[in-house]
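Noted in TrEMBL for the protein shown:
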DOMAIN    A:78-286  domain 'ABC transmembrane type-1'
TRANSMEM  A:12-37  transmembrane segment
TRANSMEM  A:75-101  transmembrane segment
TRANSMEM  A:113-133  transmembrane segment
TRANSMEM  A:145-168  transmembrane segment
TRANSMEM  A:189-213  transmembrane segment
TRANSMEM  A:269-286  transmembrane segment
Amino acid sequence: MHSKSRFLQISAVSEAILHIFFGIVTLACLIPLWSVISISLSNDNKIRQIGYRFWPVGFSTKSYDFVLSQGRAIWHAYGITIFVTIVGTVLCVLVVSMYAYILFRKDFKYRKFFTFFGFFTMLINAGLVPWYIVCVNILHLKNTIYALILPYVMNMWYVLIFRTYLSMSLPDSIIESAKIDGAGEFTTFFRIVVPLVKPGLATIALFSAITYWNDWWLPFMLIDTEKLYNLQYMMYRVQQKIQYLAEIAGKLGASGIVPTDLPTESARMAMAVLGMGPIVLAYPFFQRYFVKGLTIGAIKG
Amino acid sequence: MANDQRTYRSGFLRELNKNFPLFLMALPGVVLLIAFSYLPLFGLIIAFKDVHYDVGILKSPWVGLKNFEFLFKTPDAFIITRNTLLYNFAFIVFGNLAAIATAIALSEMRSRFMAKFYQSVMFLPYFLSWVVVAYMAFAFLSIDLGILNTMVLPKLGLQPIAWYFETKPWPVILILANLWKYTGYNAVIYLAAITGIDPEYYEAALIDGASKWQQIKHITIPLLSPLVVVLVLLGIGRIFYADFGLFYQLPMNSGALYDVTNVIDTYVYRTLMGMNDIGMASAASFYQSIMGFILVLTSNLIVRRLDPEKALF
């Protein structure tokens, strides 16, 4: 960050006004999050009497006990989300970085063709109906784990970001000298290029991991077997129909008995907290990389 | 002529032979692009067919523009086009204004620590899925238990509102939700551009006795304007596409709200999955693709006129 002292600074009054303004904005960003946590920690009967509140009423962790012990399906959904996020992110980083690398190689004669081949898909999008029919009737992805992974693996936008990163941080001479030393293309890529561009790879990995973690769209379109529900989709089902929580608890739970006094209101919000938990906890760490990645993207979109 | 072709082909084969590993590296990407982007393009013909699943799409009879005729005869066609365009227009205008104002304010703050803190907090909503945001909205808007109806409105002496059945507030709610989720993210893009401005401009202005306000008006904003133009035009290029999560999850698919929440994307989904009307859904899908394509080309043409460096192609 450049030194501000050389410039005219804004007045103390202006600064104070900005602090008040951003204070309000900060609250607007955090209060919804805080409310959901509060409700999840409230006593369900109290909530039903007085409604949702900004603070926990009749503090209780019963909702979590209920969601975690009864809803075996929730653990399963967590597992699906984690599996899909890891596998999808690894594949995405691999495919995107290799594709970006060949576009970066100025000595590769067909790089212009491959650039256009990818870029064209950013210009015209066939839309939902043809995409759905291809996924279901040609690729047979309906109700398979691949449906939750493959559609997001190749992303031309990430390719462009990563190519920009490569051209900014990787001198051509490194590739040339590797060639002179007799390294094959794959050796050069994995042993020499990859270790040098780890921050760029981390950026793509983070973008991709967030996409997979937060995805509800693919199961929404392509999955209707409960075994393949991921966390976000299960949350969507619960939100749509709170009894669904009781249904899955009854069907898949250990006891098999659905309690009559389900803490449905607080359990609903507990579900949301469990769904966003890992992302919000990892957020302070993630954020730095995201800002870096965005900044690179903004230089040449 | 024949000779030319042979050299071309042997040229390609020679290249394939010489750089085989590079082609291999491109292969997974190429296969996925074909599967999820190119194959669906052929599916655009569905819009001109009367699809019978038993004979398959290729053998289904052509019906010309029938599907489009049916679509544009419904009142939905007007509503979804109006909603998609107006909401996106509002998002482009308010979204960019909010992001620019935020970025300038953050860059001018004396306390770097607090500026970083505000930036981090405003970025947080970008990380949450629309499903989670819908839960948060529900905590406020739930008709019998929501914070607004049980706490806020009574205190102001107002009657509770049936949020999920009342169309009037939704344009405001959707625009606010969009700002809430994306302003922090967009501000970072503008902030990156502001940090890149050469400090000498400000030094020169300072010597000339320019006030802070004048500096912002005559240096920061003019130097940001190329980026603003690009982002606005990119937004216009995507004006026929809507954020499905925002329009489907947030109103919880409430039928009473369709008049103000139905956009082309949600309409296509509902027509395909709910009503199983593949003809109408593909006509709407086609309409969206073609308008989107034309607008991307047009906006790129304009960007290239204004600043060739910033053009996408």
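Backbone N, Cα and C atoms are what each Cβ position is placed from, and that goes for glycine too.
A TrEMBL annotation is a machine prediction, not a hand-curated record.
A contact links the transmembrane segment (A:269-286) to the transmembrane segment (A:12-37), because at least 3 Cβ pairs that are 6 or more residues apart lie under 8 A. Against the transmembrane segment (A:145-168), the recorded stretches A:12-37, A:75-101, A:189-213 differ in Cβ pairs under 8 Å, and the greatest number is found for A:75-101.
Proximity of distant same-chain residues to the transmembrane segment (A:75-101), defined by a Cβ-Cβ separation under 8 Å and at least 6 residues beyond the stretch ends, is recorded for 68, 114, 118, 145, 148-149, 152-155, 158-160, 162-163, 166, 189, 193-194, 197, 201, 204-205, 208-209, 211-213, 215, 227-234, 252, 274.
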